[in-house]
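See below for the structure under consideration.
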């Protein structure tokens, strides 16, 4: 509030009559900017915002009752508006709107009321704009990376995401000598569902499976969809018993049965070798199930 009052005082007690017009333009412009922030900035999560707010309040404490020219006010306000637009582009939480509006009005008025040289004011604004631009680039690049490494249907990690995350997880497990379990999961009879009920039904089943499994795994575990009906569970810190219990919970909550192959990492494993061993055990489990089914049919015919 100090930073806002420090600017409004310029209208109530101007140093000379010509400053009233300049101060009025400054307050009006920054108020409009505040409304823009309010409408556009739905999320506030950036540490740079905290620094800007702290700086604005500090300037308010040290401000003196002196007005800049209308030209300077327009330049500074326009620069702050650009900063606000950049910030709004990378934000998404509505509770930040009041905070962002206060930031725009307070920071602009504080800069104008502080009585510092115009060059220094513009330098501060340039720094704010640079920080906001860097934040925007980082968020956009992070968003593109997330998009590239996520399965658009289920929201799980895709193959690229698994390779990226899995390599780090395997490396950490070897460095800390903690256990690491990896399971390859394949839905039973998925092809017949796709062929008999259509791909829309198959896609719905994949989404339902992913949603059910998320609630059965631990924080820090990784679920990924490799493609089709093949999934991977990567469980850092899980020994064989823990991994089997987790897979049993997933099976119990699953909307359709599935078969898995489980492999435990050793010191010589990388992600590729771990996936290969789990895949071979999945094939063996499927073969064993086929043998059991054939034996059961033979026994039924014999009786």
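Here the Cβ of each residue, glycine as well, is placed from N, Cα and C on the backbone.
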98-114, 115-131 - the one TrEMBL records as transmembrane segment: 98-114
Stretch carrying transmembrane segment according to TrEMBL (options 7-23, 24-40): 24-40
Composition by DSSP (helix, strand, coil) of residues within the domain 'GGDEF' (178-299): 67 helix, 28 strand, 27 coil
